[in-house]
Amino acid sequence: MNSRSVFSSRPVLVAAALVLQAVLLVVAVAPQLSARVTGMEYRLAVGLVDPIDPLRGAYAQLDYPGLPRADGRSGPVYVPLARDGGLWKGSGVMRQRPASGPYIACESAGYARLSCGIDSLFLSQDKALRAQNELGGNRMAAIVKIDATGNAAVVGLAPR
Amino acid sequence: MESTRHVPARRLAWLRGELTRWQAEGLIDEGAARRIEAGYVPGRRLSLERLALLLGGGFLGVGLIWLVAANLDQLSPLLRLAGITVIWIAAAVVGETVSSRGGRQAARLVSVFAAGGVIFQAAQSLQVPAYSSSLLGVWAGGALAYAYATAATGPLVMALAIASAWYGWLIGEQNGGAAAIAVGMLAAGGVSSAIANLHDSGRLARFAGPWRLAGVVLALSGLFVAAFPGVSAGPAFWSPALGAGLAAAGIAIGAVVFLTGRDGRQEVLAVTSMIVVALLLVAWTPLGTPWYTGEFSAEQTARAVVGTLAYVLAAAWFAVVAARRDLSHLVYLVTAALVLFVIIQSFAVFQPLLTGAALFLALGVVFIGSGFLVNYGRRRLMEAMR
């Protein structure tokens, strides 16, 4: 019917666009995906706040008392983990990737909390309210999966 | 075999008038005039049915995203992700196969929204941290690819809106303040105007319209903010995101300068000058009391006047471009932007100098006067050339 190659026909182009969108999606969530699939579980002490993200529903913003604050310089940092009873906590902030041991790769803004990919936990509206009360009492620990390159993802909460 | 072309009713009336005039001047005979006129059919206006389909598509799409946000855990995350993915692909397929044009447009709209829903559902299920702009960027990129694959303007308009929101958010994340956002918006406007001009002479000429609209809105928004008193570049002004935006604008504008004709070059060079003016404005930090106290030093007043002039000239330029290309909706948009700007600026800045009404009167006189001058000059020029 037309002389254009099959690769520029409309269905193929649309399919290619859909595939591209899927690839972009995987790229966007790759760190959390990698942590969940290949990571090992660690428990970190956790506290909180509770705002609402307009595009994604209720979430609890998590604060980790065991992890260090930013030390003034911005950029990528690494937090090695050390045992602390039944939980783990961060032992300092490093600029180079540690050679061994569990560590989390974080982004430092130079001030306030480090951003480690584990800052929020999505919950339905009613669960968010209950979680807020329990987290506020400082009785909870976050179950975090961390993979070999420091990507971390929150998978749930548990009592300390 | 010729195909009949749909044209707006106003344009058809103009054509009929021209045909009558050409016949009177003896340029064409009656048979030719009839053949020419037969080739054009009045296009349908936006029919009620199409409006309903588009509105429905929009509501459906927003509803899907809201559903994702509701985070219903009666269904497992995997099930929810599978569900919205099925809706996304189904909408894309319907957008290509259904025979009614309105139905196709509505389906494509739903598909773009559903793609966003897939991204947000995946992020939610995997606990990707909230408030990251990267998800919007991924959505925008995907929507843009989809728009070009389907050669449809609906998805393009959505993609440009999402991309603008993403870029604005990204710059905001770098803590450069309002000044960085203003310059960033102008850089994005430069890229959009350049791409619009590149489209003008190509295969997808109808894509030029949305890109040009985006360029005008972004550039005027950026200048709006930059002209505001008190907006100046802080220490964190320069960021990789802003630098990349300006570089992209430079490359796109360079491409237009080399590849297109005089009109295209004029448009992008005008936007370039707007970017430069905005950079100068935010670099200019006059000493004096903060703007909201209402008392201004001479230097602050000077900056306010320069900022206002820059915005008014930019808006006037865009109005000229829109008039030249017969885009009346763009002319209305620019006029509305100008009115909004003057109202806000007069409340913020010029209360001691000129009240809002006096400013409008003065500007009106200036524009009418210059319009007469330009018209007079053009007629003298035409007479001299004959």
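In case you wondered, yes, glycine gets a Cβ from its N, Cα and C as well.
Annotated by TrEMBL as transmembrane segment, the relevant range among B:104-124, B:356-376 is B:356-376.
As annotated in TrEMBL, transmembrane segment covers the listed stretch B:237-261 rather than the other ranges in B:137-161, B:237-261.
Taking every listed stretch (B:75-94, B:268-284, B:304-323) in turn, the largest tally of C-beta pairs under 8 A with the transmembrane segment (B:51-69) is reached by B:75-94. Of the recorded ranges B:75-94, B:178-199, B:268-284, the transmembrane segment (B:237-261) has the largest number of C-beta contacts under 8 angstroms with B:178-199. Beyond the transmembrane segment (B:268-284), the same-chain residues lying 6 or more positions past its ends with a Cβ under 8 Å from any Cβ of the stretch are 179, 182-183, 186-187, 189-190, 193-194, 197, 215, 219, 222-223, 226-227, 231-233, 237, 246, 249, 252-253, 256-257, 303, 306-307, 310, 314, 317. In this model, the domain 'DUF2157' (B:21-153) carries an average pLDDT of 86.
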